[in-house]
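Asks: Sharing the record's features from Swiss-Prot:
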- Cys82: active site, nucleophile (ACT_SITE)
- His192: active site (ACT_SITE)
- Glu194: active site (ACT_SITE)
- 3-212: domain 'Glutamine amidotransferase type-1' (DOMAIN)
Amino acid sequence: MSDVAIIDYGMGNLRSVAKAIEHVAPGKRVAVTSDPAVVAAAARVVFPGQGAMPDCMRELDLRGLREVVKTAAASKPFLGICIGQQMLFEHSEEGNVPGLGILPGGVVRFPDAKMVAADGSRLKVPHMGWNEVCQRKPHPMWEGIPDNERFYFVHSYFVAPADAALVAAESDYGTRFTSAVARANIFAVQFHPEKSAQAGLKMLANFISWAP
């Protein structure tokens, strides 16, 4: 049995996630896997990914991973990253596709009308680079991470939870958006902890020790 299963549905380079977790938890068994049985048996699950939402949902289903993701998200420490966060919600404007429906709400694109910086210059989409993450509620995943710490983002869409109680952090890029959500055993982030230097490594270490 793996201590941590990183779900591989063919979207994104997952080795960087695995290497970061192995760095903070050298004694743990980390599996990058597309095998539903390995995911089901793991103590903790990481659901990362990059790419377009329609492609991600299709590849997830082609590998028969939909149900095991839903089961894991209901039963064990579960970390969603980037598109892995977005897929947890009910619907995405990207391709007008349904998500997994694990969390209430949708996924929306940065509004063009608001993509203006304080100096009047246009903000580019995708939002790419370092940005502050403002913590909106206490959570064990924030342990040792200062409020307004900077994390690394690459995205054109963001989650819009239907339940405000889900919001664990917000960030600003032309508009204020939800950058982390939390409910029970689920914690999911829009940014990339594996690309976010020491703060990101601390978050991954927190995930390894988190006991929801």
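Cβ from N, Cα, C; glycine included.
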Asks: Do any residues at least six apart in sequence from Glu194 (active site), in the same chain, have a Cβ closer than 8 Å to its Cβ, and if so which, in order?
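Replies: When sequence neighbours closer than 6 are ignored, Glu194 (active site) has Ser16, Val17, Lys19, Ala20, Ile21, Pro48, Ile81, Gly200, Leu204 within Cβ distance under 8 Å.
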Asks: Across all the protein chains here, work out how many other Cβ atoms are within 10 Å of the Cβ of the residue listed as 'active site, nucleophile'.
Replies: 27
Asks: Rounded to the nearest angstrom, how far is the Cα of His192 (active site) from the Cα of the residue listed as 'active site, nucleophile'?
Replies: 7
Asks: State the three-class DSSP label for Glu194 (active site), counting H, G and I as helix, E and B as strand, and everything else as coil.
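Replies: DSSP call for Glu194 (active site): helix.
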Asks: Express the predicted model's confidence over the domain 'Glutamine amidotransferase type-1' (3-212) as a mean pLDDT, rounded to an integer.
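Replies: It averages 97.
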Asks: Tell me which residues of the chain lie with their Cβ under 8 angstroms from that of His192 (active site), as long as they are six or more apart in sequence?
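Replies: Once residues fewer than 6 apart are set aside, His192 (active site) is near Ile81, Cys82, Phe151, Tyr152, Phe153, Val154, Gly200.
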